[in-house]
Structures are given as C-alpha cells and as structure tokens.
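Working notes, beginning with the structure itself.
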Amino acid sequence: MGAESVWASGLLVLWLLLLVSGDQDTQDTTTTEKGLHMLKSGSGPIQAALAELVALPCFFTLQPRQSPLGDIPRIKWTKVQTASGQRQDLPILVAKDNVVRVAKGWQGRVSLPAYPRHRANATLLLGPLRASDSGLYRCQVVKGIEDEQDLVTLEVTGVVFHYRAARDRYALTFAEAQEACHLSSATIAAPRHLQAAFEDGFDNCDAGWLSDRTVRYPITQSRPGCYGDRSSLPGVRSYGRRDPQELYDVYCFARELGGEVFYVGPARRLTLAGARALCQRQGAALASVGQLHLAWHEGLDQCDPGWLADGSVRYPIQTPRRRCGGSAPGVRTVYRFANRTGFPAPGARFDAYCFRAHHHTPQRGDSEIPSSGDEGEIVSAEGPPAPELKPRLGEQEVITPDFQEPLVSSGEDEPLDLTRTQASQETLASTPGGPTLASWLLTGVTSSTGVPSPSSLGVDMEETTPSGTQVAPTPTMRRGRFKGLNGRHFQQQGPEDQLLEAAEASAQPPTLEVTADHMGPSAATEALESDQSHSPWAILTNEVDVPGAGSLGSRSLPESRKWSPSLISPSTVPSTDSTPGLKPGADEAPGVKSAIHHPPWLPSEPAVPSSIPSEALSAVSLQASPGDGSPDFPIVAMLRAPKLWLLPHSTLVPNVSPIPLSPASPLPSSVPEEQAVRPVSFGAEDPETPFQTTMAAPGEASHGSPEADSIEIEGISSMQATKHPISGPWASLDSSNVTVNPVPSDAGILGTESGVLDLPGSPTSDGQATVDMVLATWLPLPGHGLDTGSQSTPMEAHGVTMSVEPTVALEGGATKDPMEATMDVVPSTVDATSGSEPKSSISSTHVVVTAAGDQGTPTLTPTSSEGQVVAQESLGTLTSLPSHPWSSLASSMDEVASVSSGEPTRLWDIPSTLIPVSLGLDESDLKVVAESPGLEGFWEEVASGQEDPTDPCENNPCLHGGTCRTNGTMYGCSCDQGYAGENCEIDIDDCLCSPCENGGTCIDEVNGFICLCLPSYGGNLCEKDTEGCDRGWHKFQGHCYRYFAHRRAWEDAERDCRRRAGHLTSVHSPEEHKFINSFGHENSWIGLNDRTVERDFQWTDNTGLQYENWREKQPDNFFAGGEDCVVMVAHENGRWNDVPCNYNLPYVCKKGTVLCGPPPAVENASLVGVRKVKYNVHATVRYQCDEGFSQHHVATIRCRSNGKWDRPQIVCTKPRRSHRMRRHHHHPHRHHKPRKEHRKHKRHPAEDWEKDEGDFC
C-alpha cells in the first residue's frame, strides 16, 4: 500500500507539472492583463489515507514583462484553523527566489518538490499524513502589490485501533490477528500507520501484531510497566520480528466506511441475537469494530454501550464528559471482567450499533446530542445464584434488570466497578402445617478492592411452601423509566412499593450502608424464576425518573452504587439486619450509614413452627474503636451480638400486642427519628402467646478496624434498648450509670446481655467498651409445664471465663460451627427463671444450641468451667440479668408497660483489674482488654495523683547509659543510639536499616556505626558526591554510564566506548543490573564475551565475574561457536543471552568518574580563590595577573571530561613606557584610505517576506 501511494503521488506531481506548462503556453487574454494569476482548483476535497503522501496543488502564472528585481514572487503555505471562534493561519513554509524555509513542527513532513525547477509550481507535498492534518490549507502568492491565494481542503481517512480477542489478553497468533482485523472491516496496521497514530497522541500499553510481523505498542507518556522506545521518553516500543505462533493483541487499520453507522436504542434493551435481528429488520447489520471506529472518526458521539458484530460492546465518545468514557475521546469497550478481558455474555442486554452500506455518511451533529451535566454511568454487578422460588402470599413478581453480566468499561477515569458475590445456600426442611416464611432482603457490604467471600453478604436459604398449599402470585407491575446518559430513558420493571438501593463500594475501609425504605406486606421478596443457575443483579445508576411513583418519583440514586441482594429465610426469629422502622440516630458515627429494610412480608396470623432448625447463634460482630488518641486507656474491643446500648436513667418498656400484618395494614413508610425501636410480633409455638421480638438500631461502628461491620449478625433479636451517651470523665462512673436490662417475657426469646460504656465526651477515654454475652431461652415443649415463679439456684464465681460457642446441629446433618468467641469476664448473675431478681452468678457458661428430641427443638446447655453441667433445662428459660441497679428501657410508644425495678442482692466488689480478652476470630488478631466495674476505683486513684512514695528512678534501672524518666509510679528509659528495650538492655544492630547511601558498606560498632564509602563519595553516610560525570553520563555507585540508542555491532560498540575512555558496561550486583536495565527498553550490548576462550566469559574492563543473570538454558552457543557476545534481553527484565557479535544493537558504556588535578601554573599570574588538590569535571578557575602586569586574552580555564584542563590563554605582560608608545603612535608615511572606502557595505532593507522568519528555523 505504501509503495503504490508514493508512486501515485509522484504521478500526480508529474501531471501537475505538465498541466502548468500547457497552461502557460495557452494563457487567456485576460490573464495577460495581470502580472500574477492564480490557477485555482475547482475540485472538491482531497482525500488521502493515514500515513500516506499527498500533493496539495498550487499553480500561478507570471506576466513575462520586465519587472524590478524586488518583484520576485513570494509563496506562503498556511493551515487555516479555528481558535476561540476566529480563524487563524498556522504557518507551514515560505519560499522566495528558490529559498524555502519550513516552520517548526512541519520540518521533515513538507516540501515543494517542483519549485526549484518551476517557480510557478508551489504544489505542497505533505506526509506521512496524520489524522490531525485534516483541514483547510491556504496557498498565498505575493508579487509586489499583487496578492493571489487559493484554498485546498484535505481529508485524512482511516483510523488505527487496538483489538483484543474475546477470550483473553494476548491470545492471537499472527494469522489469527490478520483474520480478526479482516472480520472487523479492517486490515492489519503497518508500522507507519501506528507511528502516525502515535504522533497524534495514540497511547496504548498493549503489545500488538503489525503487518511486518513485528510487535509494537505506542506510549506517549511513560509509566511503570509501560515505557516507550527509550527510557522515560515517548515512542513506539518494538519487540522486533516475532515468531508467528506467539500470542499478542493486534493493531488494525480501517480505511473507509462506505456507509453509515447508526445507533439503535429500543425501549427494552437487546441480547446479541436480538440486536442482530433488529438491525436486519432495518435493512442493516450489526456494525463491526472497524466501522464503529470510522464512524467515531467522522464524528459519531453516543454515550450508550451497544452490541457489535463480533459480540463486543462498545460506544464512541467525541466529547469527554463525566462518567462517560474517561478524559479523552475514543471508542470505549465494555469488558466482562475487571482486568479488561472478556466480552459480555450473549444473553446480556444492551443497545446496538448498526451499519447500512451505501448510505450517506453521518455528519457531525447528526447523532443524538448528548446531555450535559453529572450523568450516571452504567454499572453492573453480578449477584448470587437465583434459586427457583415461587411467589408467596402477598408477594409481587420482581423483574430483574436487563444487564445479565458484570461489566467493566475500559479507558475511563471512573471505571465501571464490578464486584462478584456469591451467597451460600441453605435448605430448610418444612413439615406440613409449618409457617410460611418470608425471604428477607438484606443489603450486604462490598468493597471495590477485592472480591468478597461467598458468605460475606449473607446466606441464601431456599424458601419452602407447606405441602398441599398453593400460593398464587399477585404480580402488580410498574414500568420505571430511568433517564439515560443523553436524553433517552432506560426501561426497567419492578414492584410498585419497592425501591432498592445499594451499599456503596469504596476503596476505603468498608462502610455499612443499608437502605431504610418502606417495604409493605405487598412488596414481598423477589420471586425469581430463571433457567440460569446464576442470575446477576444490576441497577442503572442514572437519575431516577419515575412518573406517578408518589414521593419516590423524584428521588435520585447516589452516583456509584451497586447492590446484590441476599435472601434469608428466618426460622422463628428474623435477623436483626432487617429491622423495620429504624432511622440512624443523630449521634451515630459518621463512618456508618445505618438503614434497615422493612420486612417484605409477615404472616397475618401466628403460625406454629415444626421441625425447623434455627441458626440462631450464627454470627458475632467484632468492632474495635481507636478512640480519641488518649494515652491513658487501651483500645477496647466490642464483642457483641445485636448492638444494644445502655441508659443512665429509668425508662419504660413498651408492651405491644401482636400486630397482624396484611396487605390492608402496611407498615408506615417513615418513622420519626426519636422512635429508635419498633417491636414486631411473630408467630411462636403457642398461638395464644406469640413471642415478641424487638429489634434495636445498630450502634456506632469502629473507625479504625478493617473488619468493622464486615460480619453480619444473624438470629439474635429479642433485646430492646436504645443508646444514650454517658457524659463525664471515666473516673466518675459508678455502677449506677451502667445498666443492661433484658426484656422479661413469658414467650421464648433469644436474648443477650450487653454492657456498653459510651464516653464520647470524656477527655481521658480511648473509645468505648462493650461486653456482650449471648444467651438463649426457649419455650417449654408440649406436655411440660414450667413454674415461672420458682426460685433460681444461686451459682457464683469470680474472674472466670465466659465461653460463647454458637453451634447448630441440623437434623440429619452435620454440626455447623460458624463462629467462636471466648472472653474472660467478671462474674455475672444469672437467673434460672424468667421473673425473679438476680441473686447469683455462674462461673463459666458454655452455650451449645442443638436440635433435641424428635421435633428438633433447640436447647441450651450451659456447663461450668470444670466441665459439669450446671443447668440443663430444656423446659425452662434462662435469662441473664446484670448485677447493677435495675432500670428500664425506653420507647416512645403509646402502649407501655412498667418493668419492675429493684436492687440486686449484691454488688460487684472484686478488685479492679484489666482482664485480657482473646477474640477467637480468624479475621482478626486483635488483643484487647475489657473493663470491670471495679475499674472505677483504679482510675480514681490515678486521677487523684496518689503514687508510690518510692522513686522508681532512684536506682536508675536503665542500662547502657540510658536516662530514667519518671511519671508518678511509672518510669521509662530513654536509650542511647544502638540500644533498645524497656531498660535499654538490647544492643541493636544499627546496620539493619542500611543507613549508608550510594552503595557504602555499613560496619556496626559498640555505640554506633561507620560507613565505608565507594570511590567518589564522602560524608558520614556516603551522601556527598565528590566526583562527577561528563554531560550525558549518569552516575551510579562510583561509575558513569551512558546509553547509546544508535545500533552497532558488538566490536564497534566496544571501540566507541573506548574512545570515550570507557568500556561496554560490566554488571556486578543486582542493583547495578537494575540501574542499567532502566536505560533503554531494547536488547542492548554489555561487555561480557567469550571471544578469547569458548565458555570462559570475561568483562572487557577486566573485572571479575561476580554476578550472573542468564536466561533459562543460557548460554547455549546455539550457532556452534558463533555466539560469543552477550546481550541484555529487554522484555525478560534484562536477563542475559549469548548471540552472534555481528548483531546491530544499542549499547551501554561504563567508565570511572573524572577529576582534574591542580590547574597549570601561568607565568606572572595566580589563581583567584583557594587552590584545591582535585576539581570536578566542568569546574572553572580564573587567573589574575600579578601586580604591575597587564592581562591579555581569556583568564578562565575549564576541567574537561578527560580529566585535563584547558590550555590557559591568559598572558600577563609588563606595560611599555608611555613616551615610547607616543613615539610610535603616529606614522606619517602611512596613507589613510578615504573614509568612503572604509565605509561598510550598505545594508539592504529587509524584504517584507523576511518578517515572518521568526516562525522558521
């Protein structure tokens, strides 16, 4: 293609020359009237392909009459461009009297080939063409006062694009690369095409095949892992000619469109097959990748991903805007995976780009005008596998969004984030007559920095329907129109009363964000009936525009949210992650955004569970709060089930009757913020005594723990409390200010005992301490009675261990042990009945929840620390009560019931100690301390300033000269350098941190270290560079290096290095190897060779072979004695390979640093300043003549790169006597020439065309 285009351009120029000669012989009579006449071209725009040559014609005629010498025609070529709404002429070249001057930026690309022989032919030869060369060109000819000009339009066709196979990166052989370009309506690009695209700013860090079987890629801005052809400089990097079977990507070149590409955006997006069919119905076909790039090149701008013929999804961007293609124009690709590989699945739904041949090419502005502003981007996240569920009573059918696969868009500043989440599935057995359980929609926490574990977003539990019961779905559909990115609306179906929001993924520590939206009983769990095993979930994060949707119609989703629901089927107790009617409190930590979904459906009547195992104790949440940085207190962890808070005053507990929820009585969509708790009744075993569950809002989360809010809390939801901050310093707390109250109830509930100290205003507090002990109570089995008034058996011990090990044994299955937590706590009082006051404590409680009996009723088995069973009452309830003064919990409900209050039998009187807590969580190695109420006295003593009268520094416990410093009863040692430890008893090695710079050797001594510096370095740490390198050379560890990009054979390269007082580089350490390899990114010669003795490799600078870095199975002497020289292979991190010495490659020279000795002495002169022994390269010294002598010539000399000084030019002489100077001053015999003859030549006035020479070289 290149040779043909050059010949065509040459023939065009020849034809133009013949044309002008004929025109000059047959001039019109009107032409003779003017001295200058421009032969204007009447044809249309000139089209030429990228990287080719083009001739822009410019002819004029001259009247053959005599004219002054100054009337020589002046020719000027300019490019007309528009800037700020005004036309500007960009100079290209000027020519006059066979002198041509080319403007900067056009040198080497433009010429006037016919002008030297035919001064009336100013045809401009331009090339190799770039895409930016398209535009309007002006040829202007000026002769005297006559001025003629002509305009020529140039259109550069063709575009270079990178193509990656669908299956993976670097997956194409050379033959496959050619075929891929052919299927994309293009050809494989030539090196000149890629070079032209690079010169226009094309940057792509993917190696791809070119037509000459080389592999290259263009880099306009070097960055780690993506370098140009030279170190940290832009260029097209080449791997050279490669084996055709090697695998790379490919660069394609599309030349002409030959039709039109148009965008198809139906109301409902299409699968790949649907997109093909839709284009065929419109008399077109899916556009190819090359056709879309050509359409983009011609002005197509559409911020909507669409299917193409090869199964990829792309969209063209002309005007970059926020969340629409990144910061630069181009064709963006939507990849399936986050590493920019894979095409979307054929079943995914997008719009389409169709191509219709032999139609008018769309002009700029024909496409749909994109809307401006902060518009959304298309985000897709793959959700959990969707089990085949049938809609339950009161449920609605929810249609999944159109996107079916996770998608990541390439080339964007704000990438389409993707997080794949899978949820484990549990199948719960159900017997006839059991309750109909609703699926609870839980929002999980995802992080963009990684892929969460399969269970990180909850547990999928398959719903079951009682046998013989048929539940018909009652779908009530609505169609929501989501405003698109340039005016159109995406169509999405969903339930009327359900708006699903998402947890925002962030690269920062995960933040729990759950949406508190109204979900009435009619808005039940999604019923997904799909043939696929995986049903991804996605939303369109655009502005929500749903007409007629009530108050939710004008809501806008956050900018970049993703959601992936998890389904939970609770057995008898719902998860606290889905608490109705809660809003985050005003005093919650800013790092936690709390919101809860309403339960989608609740039974209208109490139902009796039957043989349903419950994973009640399934998760424990660990949160650590770093506090405010106070040094007085350690970081305290919170081991809790639900996050329950304490009240410092007495309040009331609401006694709410069961609330049957039905479609006629939906929950309110909003709850006042002061109503922190809303009780919800569920059906229990006894229809007459439904158990009551009250769920509390989550508490404040940790700001410093990466694990905060990353573990879901399930199955613990029968305590009721609200949190109130406790003001005042820690030392003023007493037991009356810390209160925990379980809710007394006749029904079986799952409870916790929680102790929280929340001290946000304390100047000495380092956070908050929470100690939660998980206990459980169950209703008696049928046929058994329980005396609720019976007295409990007192059990007490002090300073013992509380072990909470949730263990669930499923009927007929293996025991599951999801979490264990062990904690040492102070004694706790436990009442074995549900109505009496606390009177004693248990020493150690090992809680095991198992399925007991035929009916699978879970029982609680507390055991003592000695292993004996303390209490095992499957027919009773076990309620944990604190030993603090009683108080009640608060709720702003209308119906309230007073909880009896009283004083405990005894108060804690254990000595105040800090008891360590070991958290048995795999995700955390945090060791913290919990507090006992007895800490009050300890901190009061500290606050009062009491201390041991004995001075701890009296005997100076610090060793090795350390200084003892006291702080009350505590002391600390300030150690001298080289020592560490509590008493400065550890002699540390100062050289472990490598303090010596520039390759210096560190030697550890008794009280410090010393550095042995390499030559040319000095200072205590070898930080001073005492010797330098010549210009263009780089210094590293005492030597100077220089990379030469021009190619030579090995012997010629060594000879060139020796001319520069060096050798081909030698390598003696990994650090030096890394430094040398950073110069160029092509294979380069080094000084290693075995030319003298086979297999005996030596360096040319005669240094020893101390370090080797050969490629695998090298050296191999492949050419049987012809591989005697060594090259650094660039694409293998500079590993060595022996090759024939006649290869022409770049090379690196190495030489020592250079210094000059004392400057040479000059007669009758001395140096200015202090005389030194050594001088760096390029140093300059000045001489001054002694007193009584006059200076002649230059007084300075310079130290050259060869270590030698310039020859001094200064001459100091004594002045002659004045009378002798006067005697020889006048020479009467010498005849002076007339002044006229000494006059300089008259300077010619500057021509007007020379005024533009400031723009030219």
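Any Cβ shown, glycine's included, is placed from N, Cα and C.
Owing to the predicted nature of the structure, the values given are computational and were not obtained by experimental measurement.
What Swiss-Prot records for 1-22 is signal peptide.
Across the domain 'Ig-like V-type' (37-157), mean pLDDT in this model comes to 87. Residues annotated as domain 'Ig-like V-type' in Swiss-Prot: 37-157.
The N-linked glycosylation site annotation in Swiss-Prot covers ASN121 (among others), and the record cites a large-scale study or a structure entry as its basis.
Taking H, G and I as helix, E and B as strand and the rest as coil, DSSP gives the domain 'Link 1' (159-254) the counts 19 helix, 34 strand, 43 coil. Taken from Swiss-Prot, the feature domain 'Link 1' applies to 159-254.
If you look up Swiss-Prot, you'll see 258-356 marked as domain 'Link 2'.
Note on CYS324 (disulfide bond): other Cβ atoms within 10 Å of its Cβ, all shown chains, come to 25. The disulfide bond annotation in Swiss-Prot covers CYS303-CYS324 (among others), and the record cites similarity to another entry as its basis.
Classification of ASN339 (N-linked glycosylation site) by DSSP places it in coil, neither helical nor stranded. Summarising the annotation, Swiss-Prot assigns N-linked glycosylation site to ASN339 (among others) and lists sequence analysis as the type of evidence.
Marked as O-linked glycosylation site by Swiss-Prot on the basis of similarity to another entry: SER380 (among others).
For SER410 (among others), the entry in Swiss-Prot reads O-linked glycosylation site, with the evidence type similarity to another entry.
Feature annotation from Swiss-Prot assigns compositional bias 'Low complexity' to 447-459 (among others).
Positions annotated as compositional bias 'Polar residues' by Swiss-Prot: 464-473.
As annotated by Swiss-Prot, compositional bias 'Low complexity' applies to 569-580 (among others).
Here Swiss-Prot flags ASN737 (among others) as N-linked glycosylation site, drawing on sequence analysis.
As annotated by Swiss-Prot, O-linked glycosylation site applies to SER944 (among others).
Residues or ranges marked as domain 'EGF-like 1' in Swiss-Prot: 949-985.
The feature disulfide bond is assigned by Swiss-Prot to CYS953-CYS964 (among others), with similarity to another entry given as support. In sequence order, CYS964, ARG965, THR966, TYR971 make up the list of same-chain residues 6 or more apart from CYS953 (disulfide bond) whose Cβ falls under 8 Å from its Cβ. Following the DSSP three-state reduction, the secondary structure of CYS953 (disulfide bond) is coil.
Proximity of the domain 'C-type lectin' (1025-1154) to the domain 'Link 1' (159-254) is established through 3 or more Cβ-Cβ distances under 8 Å for residue pairs spaced 6 or more apart. Closest to CYS1011 (disulfide bond) by Cα-Cα distance, out of the disulfide-bonded residues CYS1141, CYS1149, CYS1156, is CYS1156. Listed in sequence order, the recorded positions from ASN121, CYS991, CYS1040, CYS1125 having a Cα within 10 Å of the Cα of CYS1149 (disulfide bond) are CYS1040. Each of the glycosylation sites ASN121, ASN339, ASN1164 was scored by how many other Cβ atoms lie within 10 Å of its Cβ, and the smallest score goes to ASN339. For CYS1022 (disulfide bond), the nearest neighbour among the listed disulfide-bonded residues (CYS324, CYS975, CYS1002, CYS1156), judged by C-alpha distance, is CYS1002. The list of residues near the domain 'EGF-like 2' (987-1023) in space but at least 6 beyond its ends in sequence, with Cβ under 8 angstroms from a Cβ of it, reads 960, 976-980, 1035, 1037-1038, 1071, 1152-1153. ASN121 (N-linked glycosylation site) sits 91 Å from CYS984 (disulfide bond), counting Cα to Cα. Comparing Cα positions, CYS1141 (disulfide bond) lies closest to CYS1013 out of the disulfide-bonded residues CYS973, CYS1013, CYS1185.
Rounded to a whole value, the Cα-Cα separation of CYS1057 (disulfide bond) and CYS1040 (disulfide bond) is 12 Å. The two recorded residues CYS1013 (disulfide bond) and CYS991 (disulfide bond) have their Cα atoms spaced 14 Å from each other. Residue counts of the domain 'Link 2' (258-356) by helix, strand and coil are 19 helix, 31 strand, 49 coil (DSSP-based). Taken residue by residue with DSSP, CYS1057 (disulfide bond) is part of a helix.
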